[in-house]
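*Asks:* Positions annotated as S-adenosyl-L-methionine binding site by Swiss-Prot: Val94, Ser121, Gly122, Ser123, Phe124, Glu139, Arg144, Asp168, Val169, Asp203. Residues or ranges marked as phosphoserine in Swiss-Prot (evidence: a large-scale study or a structure entry): Ser302.
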Amino acid sequence: MSTNCFSGYKDLIKEGDLTLIWVSRDNIKPVRMHSEEVFNTRYGSFPHKDIIGKPYGSQIAIRTKGSNKFAFVHVLQPTPELWTLSLPHRTQIVYTPDSSYIMQRLNCSPHSRVIEAGTGSGSFSHAFARSVGHLFSFEFHHIRYEQALEEFKEHGLIDDNVTITHRDVCQGGFLIKKGDTTSYEFGNNETAASLNANVVFLDLPAPWDAIPHLDSVISVDEKVGLCCFSPCIEQVDKTLDVLEKYGWTDVEMVEIQGRQYESRRQMVRSLNDALERLRDIKRHKLQGVERRKRMFNNTIDSNDEKVGKRNEDGVPLTEKAKFNPFGKGSRIKEGDSNYKWKEVTKMEAEIKSHTSYLTFAFKVVNRSRDDEKVNEILRSTEK
């Protein structure tokens, strides 16, 4: 049974489960459930024993100390998308708008064997691990390699379908040999791992130095897809030259601009509303001038403020809540049928997407035709 906590779904929270506690939209905390521990927030403390046994997605509420108010959090099951929002950042990460598009363009499936160069914080590694057959991830920085290895073991990825190796692929290539610093487990007579990759993702400062090393580790019997993740257009330019030199085709560069839009209703303001607003401004201006004149003539006393507005006979007016379409007055509930509304949208203020250029290319190493296999495919389609 797989120990990968990102590969399936569970109904109930159990002892030792990795959970993601949603405090707010910008504050999601990964927490391992242990009955004797407590999750502390600025709103209050949430004992783990009160969370264990509840269904995933539950709202956990507590009474705040010294008041009758309640604080609450939601306990969610980890997914690669939520992990991207909550993980500890060791480097810049690939956010979901980019990662989902890359996997779709490279036709990732349980059949895929993927090379990822540049493990970093492991955001994309978790997305790959959920969807592909096997992931070979490479990280040149030793401390980040050890941190990622420990994290992958804790999440059950190493025991499932992920291999991570400490290697500068720009200098040493992608071959995994016995004696290398890697999580790969070699067989008795095995001296090198067979990668046979059909998907390659390069998140490197200089992908053009790594591309020449790919021919020895990619599949020769099927179409191989490649994506280079580059922040600068100058990197793309250098990468294109090397891709052409080493026989990669169908090259295309894409930039993802993922944005979320908030939908709401806004009241339609008429010309009469605008005219009334101008009259109101003028009326208040004249009242202010009149009040300053009376103050100058010492005709206003200390009780004048309390009396407020009066009519022509000097009788105080009763204040009524009036609707003002320009922001002042009584509050009107959005969608009130007594007023006219229109649908509007507003783009989110903060865009959580690491802006980079995605360079896609494909390569077929063995272009010879296997007539026997072609005939077999044709016969199967005729049926």
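Glycine is no exception: its Cβ is also placed from the backbone N, Cα and C atoms.
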*Asks:* Which chain-mates of Val169 (S-adenosyl-L-methionine binding site) that are at least 6 residues away have a CB under 8 A from its CB, listed by sequence?
*Replies:* Ala117, Phe138, Phe140, Leu204, Ala210, His213
*Asks:* Just going by other Cβ atoms within 10 Å, which of the binding-site residues Val94, Gly122, Phe124, Arg144 has the emptiest spot?
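*Replies:* Comparing Cβ neighbour counts within 10 Å for the binding-site residues Val94, Gly122, Phe124, Arg144 gives Arg144.
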*Asks:* Give the three-state DSSP assignment (helix, strand or coil) for Val94 (S-adenosyl-L-methionine binding site).
*Replies:* coil
*Asks:* Considering all pairs of residues in Val94, Ser121, Gly122, Ser123, Phe124, Glu139, Arg144, Asp168, Val169, Asp203, annotated in the record as contacting S-adenosyl-L-methionine, what is the maximal C-alpha distance expressed in whole angstrom?
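*Replies:* Those residues reach a largest Cα separation of 20 Å.
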*Asks:* Helix, strand or coil: which one is Arg144 (S-adenosyl-L-methionine binding site) in, per DSSP?
*Replies:* helix
